[in-house]
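Written below as structure tokens is the structure these notes are about.
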Amino acid sequence: SCDASPLCNCSSMGLDFIPLGLTAKITELNLAHNRIKCIQSQDLQQAVNLRALLLQSNKISSIDEDSFQSLAKLELLDLSNNSLAHVSPVWFGHLFSLQHLHLQGNSYRDLGESSPFSSLRNLSSLHLGNPQFSVIRQGNFEGIELLHKLWIDGSNLSQYEQGSLKSIRKINHMIINIGSINVFSEIVRDLLHSVAWLDVRSIAFSIAVDMHVLRVMSLSFAKKISFRQTLLTDATVPELVSILEDMPKLVELELVDCRLLGTGQWKMEIQAKQSQTVRVFTIEKLSIEEFYLFTDLQSVESLLSLFTRVTVRNTKVFLVPCRISQCLLSLEYLDLSANLLGDLSLEHSACQGGWPLLQTLNLSQNSLSDLEMTSKSLSHLGNLIVLDISQNNFGEIPDVCEWPKTLKYLNLSSTQIPRVTTCIPRTLEVLDVSANNLKEFGLQLPFLKELYLTRNHLKALPGATPIPNLVALSVRRNKLNSFSKEEFESFKRMELLDASDNNFICSCEFLSFIQHEARMAQVLVGWPEEYVCDSPLAVRGAQVGAVHLSVMECHRSLVVSMICVLVFLVILLLVAVGYKYHVVWYMRMTWAWLRAKRKPKRALPKDVCYDAFVSYSENDSEWVENTMVRQLEQACPPFRLCLHKRDFVPGKWIVDNIIDSIEKSRKTLFVLSEHFVRSEWCKYELDFSHFRLFDENNDAAILVLLEPIQSKAIPKRFCKLRKIMNTKTYLEWPLEEEQQEMFWFNLKVALRS
């Protein structure tokens with residue numbers, strides 16, 4: 001299945017071994033999530049052009065020494081989450097192009113006595129470690145000089161030989177998961193000058209004594225420190241802050257998914273040296289179990305003056321003390337999204353003198369509900385340019401609001417507003433009111449350049465005159481069904497118009513207009529992706545200039561009218577043809593024939609009224625009525641004959657009369673002649689009697705040849721009648737009088753049989 005493609009995906013197929021037949025065409029082989037236990041020498045021998053080999057989440061416990069010998073072009077090798085008990089340098093000896101190596105989640109306890117990676121001169125990222133990994137020896141990383149990312153998962157690492165990581169001159173991103181504070185300290189000591197971003201995970205700083213061991217971190221040249229899944233306490237926070245302040249090049253500090261035990265009443269006084277380098281501080285998903293008892297952070301006020309970017313997201317913040325806000329003198333960017341700020345707490349947090357240089361403020365996903373109060377609380381921020389208050393619940397908004405004079409970007413998406421009013425500031429250049437309940441947009445915004453109205457209920461474009469400088473408009477997923485020529489003329493200056501996912505009605509006039517307007521054909525995105533016509537004109541992002549409508553799409557009403565007229569004419573023609581050729585009568589006859597065929601082949605004795613039903617042509621009626629009827633009905637005993645002229649029920653359909661007469665007669669007497677085979681009614685009588693009389697293999701049919709007749713003159717569909725005439729005796733009317741007595745005798749015998 002992978003012969004024709006360079007990308008071969010065999011993941012999650014329950015394989016117990018590497019499949020045979022791998023060729024040089026394959027560049028990426030995915031064998032993850034199988035049950036492979038070993039890799040043998042010949043398994044990958046032919047895959048010489050392989051660049052990515054994914055073997056994670058198998059049961060690999062052994063690898064032949066020359067298994068990867070032919071993979072000189074391999075760039076990614078993932079052996080994570082297997083059962084490797086050791087790591088051999090021989091495996092990687094010929095992987096000269098390898099850049100990414102994943103060995104985490106196996107069962108090896110160490111990396112051996114020497115370096116398994118000495119031949120990997122192009123290695124960029126290395127991920128190793130597992131719960132059993134306990135020893136790192138000096139020389140394990142020899143041969144590696146530069147790494148973009150090094151991830152060591154050593155939750156149970158207990159022994160680290162000093163200098164083991166010193167051979168690596170530069171590591172851009174070091175992720176370290178170490179349970180032991182002492183081992184962590186030793187590793188940090190070797191990384192003081194080589195790591196740019198130190199990412200510390202799953203470690204507990206619970207007592208002050210532990211922090212003395214980490215004092216070595218203050219000498220690190222790292223520019224960014226991240227703590228993830230880290231435990232902090234009131235006792236360790238002051239020490240940690242003191243260490244970080246001493247770091248000479250630290251610019252960014254990040255706490256993600258951490259846990260703080262305490263209320264901020266730090267017993268040790270933080271000696272604020274006011275680090276001149278830290279500018280960015282991020283807290284995400286910080287868990288403070290007793291957050292409602294947390295203090296006002298007065299002890300850290302002096303540390304805040306140089307911060308330019310602060311993010312405190314999803315941390316249950318319900319108030320920023322005014323004094324803290326006033327200490328953030330250099331703050332330009334503040335993200336307080338996904339917290340618990342309300343209208344009153346925002347008024348207190350954004351107090352006079354707070355955030356004096358703030359340019360960007362994100363208050364999305366909070367508990368704000370009064371837009372007038374929100375705008376007033378922020379109106380004194382003289383440098384505020386960008387404000388995101390999306391995903392709050394404002395509902396109805398007032399007509400007048402007070403905003404910062406410098407505000408240019410406002411995000412009011414998903415705020416449940418049913419209409420826009422003059423509360424929206426006229427200074428805006430970008431406005432996002434997506435995902436609301438808007439049915440129209442008619443604001444006058446002279447400086448607006450970008451307007452986002454996605455996922456509303458608009459049925460018409462906003463007016464262009466009140467927004468003279470608009471260059472980008474998004475009206476995706478509304479209820480638009482058409483644009484007028486005047487609307488498009490007014491928006492010719494725009495660089496982007498996204499009107500996809502609407503209910504556009506197909507219009508050739510409209511399409512012709514925009515295709516002739518070269519500028520509009522370039523800027524219109526995805527017109528339209530979904531609309532009332534049978535199929536979309538273009539996929540999202542396609543230029544309208546490439547769209548060609550069919551006649552059906554252009555002239556729907558005309559085409560539908562023409563189809564209706566044609567259908568009417570066809571029906572009229574069928575009615576005329578049916579009337580001329582008695583189609584209705586033939587259909588009724590066919591239905592009667594089908595009903596007759598379903599009836600029992602033999603009538604009950606009590607229902608038999610006649611000795612014979614006589615089938616004859618009208619041209620032979622003189623012989624039948626004057627000669628045959630007289631001879632048979634005046635015989636002793638007399639025969640009861642059924643004649644259509646005499647015995648058919650008046651008013652009853654002739655076909656039903658024929659069927660009933662045949663069923664009520666013991667015999668059917670056919671008077672055959674040239675007139676008979678040319679008579680339509682005689683053919684019908686043969687039709688209705690053929691299946692019943694001749695399928696019973698009895699003598700119910702009596703054939704009388706009034707004159708010589710060729711069997712080929714009988715219609716071909718009466719094949720059994722032909723067969724009877726060819727194989728059985730029939731009565732022939734003699735012209736000689738002396739033979740006629742014998743004819744009548746034989747006929748009477750046949751009728752009584």
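Every residue, even glycine, has its Cβ placed from backbone N, Cα and C.
Noted from TrEMBL: CYS351 is disulfide-bonded to CYS322, selected from CYS322, CYS401. As annotated in TrEMBL, CYS423 shares a disulfide bond with CYS401, one of the listed residues CYS401, CYS506. Counting only the Cα atoms, the space from CYS351 (disulfide bond) to CYS423 (disulfide bond) is about 22 angstrom. Between the C-alpha atoms of CYS401 (disulfide bond) and CYS8 (disulfide bond), the distance comes to 60 Å. The two recorded residues CYS322 (disulfide bond) and CYS8 (disulfide bond) have their Cα atoms spaced 60 Å from each other. Here the CA atom of CYS8 (disulfide bond) lies 58 Å from the CA atom of CYS423 (disulfide bond).
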